[in-house]
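In TrEMBL this protein carries:
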{"type": "DOMAIN", "residues": "50-299", "note": "domain 'G-protein coupled receptors family 1 profile'"}
{"type": "TRANSMEM", "residues": "35-56", "note": "transmembrane segment"}
{"type": "TRANSMEM", "residues": "68-87", "note": "transmembrane segment"}
{"type": "TRANSMEM", "residues": "107-129", "note": "transmembrane segment"}
{"type": "TRANSMEM", "residues": "149-171", "note": "transmembrane segment"}
{"type": "TRANSMEM", "residues": "206-234", "note": "transmembrane segment"}
{"type": "TRANSMEM", "residues": "246-262", "note": "transmembrane segment"}
{"type": "TRANSMEM", "residues": "282-301", "note": "transmembrane segment"}
Amino acid sequence: IFIAALKDIEEKGNQTVVTEFIFLGFSNHPELHGLFFLIFLVVYLVTLLGNLLILAAIRINPVLHTPMYYFLSNLSFLDICYTSTTIPNMLVNFFREKKTISYEGCLAQIFFLIIFAGSECVLLAAMAYDRFIAICHPLRYPVLMSKRVCGYLVAGSWLCGLVDSLTHTVLTATLTLCGPNQINHFLCDIPLLLKLSCSDTSINEVAVYVASAIIGLSPCIFTAVSYILIISAILKIHSAQGRQKAFSTCASHLTVVVIYYGTANINYDQPSSGYSLDVDILVSVLFCIVTPMLNPIIYSLRNKEVKVALKKLCEGFILPRGSSVQIIP
């Protein structure tokens, strides 16, 4: 239905000449395509394995059936979806002489990239709210962070991403693209298509700025304010052990937030002159590919409960249930 609607918009609304796009990302180093393929394949597999292990550990361990880990499981699912939208097509293109994507495929990629990225922005803010309630209002935590509230927060994050994605995808589909059909990247993104448009893009540009403020900047400000209040509350704890314990519960999330918004800011807040193609590709790789891989690593290294759950999960795969290991002197 979605693709049919896009085709209808294409045929009836703008008489688009461009039927496919050619990716120029990594074209400066064709001799390294084999090495790039191996690197990104390993990164993709590590991302899948890490996030799937997080999902499995949370699922089978009752100790982790709490709001914080409910949000973490959704974050892992989003990271899997986000990387799966870009990396598989990129891996295939390394073996193609002409690295192309169809017009409909490009719009579909934009749709899924925006819905997953937008949902993650709002979800990270929801996770910050969870940590704020846990540390600043611990007695009210069971009420304020009930299962229903958590469900609403996750559903709200997906809804925000969906509305944002539909808006941008439909507006992008109305653009008149007269060529050239070359994209200086390894994925489809709205700013890249706006450069290829020969029609008025003012509405699209306004939509980008409004969405950036609502979906990007607002959750970022909310998260920053939440952590200012959290740190203020932690500093009021008298014992050093209490402060360390309180901070350890939000250290992983804070690290993920800093990396996510840091790379996102570098990726999208580029100077008007732009970076070189190689630098632009590197920045996008950090945001779109490396960050989803780091998230499960950060949570598994900095969170004791997750480490214990992952250890039990791995032991369950290695050792048959009910068996034990005996050391014979």
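For all residues, glycine too, the Cβ spot is worked out from N, Cα and C.
In TrEMBL, annotation is done automatically, which means it is predicted and not curated.
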Across the domain 'G-protein coupled receptors family 1 profile' (50-299), the model's average pLDDT, rounded to a whole number, is 89
Sequence-distant residues near the transmembrane segment (149-171) by C-beta distance (under 8 Å, 6 or more away from its ends) are 6, 9, 67, 70-71, 74, 107, 110-112, 114-123, 126, 129-130, 190, 203-204, 207-208, 211, 214-215
Per the Cβ filter (under 8 Å) with a sequence gap of at least 6 from its ends, the transmembrane segment (35-56) is approached by 26, 29, 72-73, 76-77, 79-80, 83, 87-88, 90-91, 94-95, 289-290, 292-293, 295-297, 299-300, 306, 310, 313
